[in-house]
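S.K.: Encoded as structure tokens, here's the structure I'll be asking about.
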Amino acid sequence: AFAGVLADADIKAALAGCAAADSFNYKTFFKACGLFFAIIDQDHSGFIEEEELKLFLQTFSAGARALSDAETKTFLAAGDVDGDGMIGVDEFAA
């Protein structure tokens, strides 16, 4: 999904940086990847839901790990400004 957008080496480096459980840093992600909302929003609902967050690393590479439940909940809470359990495009870009 990211062909032509990111170099393979950059994708590998980003995945290696969060390969261990509970090592994902949502602040870094929001800062670096604001452009990728539409790709992470796999069902094209206009929102990123919990399951899409849990599995979003696999968008970069099929062999990537799923986020832990704790990482997913922290990530969702950080981006879900209005408390509806989803991250809308306006929240994602904020």
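Just so you know, glycine gets a Cβ as well, placed from its N, Cα and C.
Given the structure is predicted, the values throughout are model-derived calculations rather than measurements.
Quick paste from Swiss-Prot:
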type: MOD_RES; residues: Ala1; note: N-acetylalanine
type: DOMAIN; residues: 36-63; note: domain 'EF-hand 1'
type: BINDING; residues: Asp41, Asp43, Ser45, Phe47, Glu49, Glu52; note: Ca(2+) 1 binding site
type: DOMAIN; residues: 67-94; note: domain 'EF-hand 2'
type: BINDING; residues: Asp80, Asp82, Asp84, Met86, Glu91; note: Ca(2+) 2 binding site
S.K.: Could you tell me what the rest of the chain brings near the domain 'EF-hand 1' (36-63), counting residues at least six beyond its ends with Cβ under 8 Å?
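M.R.: Apart from its flanks, the domain 'EF-hand 1' (36-63) reaches 1-2, 6, 11-12, 14-15, 18, 24, 69, 72-73, 75-76, 79, 85-89, 92-93.
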S.K.: Pop the Cα-Cα gap between Met86 (Ca(2+) 2 binding site) and Asp41 (Ca(2+) 1 binding site) into the table, whole Å please.
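M.R.: With the alpha carbons as reference points, the distance is 11 Å.
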S.K.: Through the lens of DSSP with three states only, how would you label Asp82 (Ca(2+) 2 binding site)?
M.R.: coil
S.K.: Spatially, which candidate from the binding-site residues Asp43, Glu49, Glu52 is nearest to Glu91 (Ca(2+) 2 binding site), comparing Cα atoms?
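M.R.: Minimum Cα distance from Glu91 (Ca(2+) 2 binding site) across Asp43, Glu49, Glu52 lands on Glu49.
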S.K.: Far apart in sequence but close in space: which same-chain residues, 6 or more away, have a Cβ under 8 Å from Met86 (Ca(2+) 2 binding site)?
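M.R.: Long-range Cβ contacts: Phe47, Ile48, Glu49, Glu50, Leu76, Asp80.
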S.K.: Applying a 10 Å Cβ distance cut-off over all chains shown, what neighbour count does Glu49 (Ca(2+) 1 binding site) have?
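M.R.: Excluding its own Cβ, the number within 10 Å is 15.
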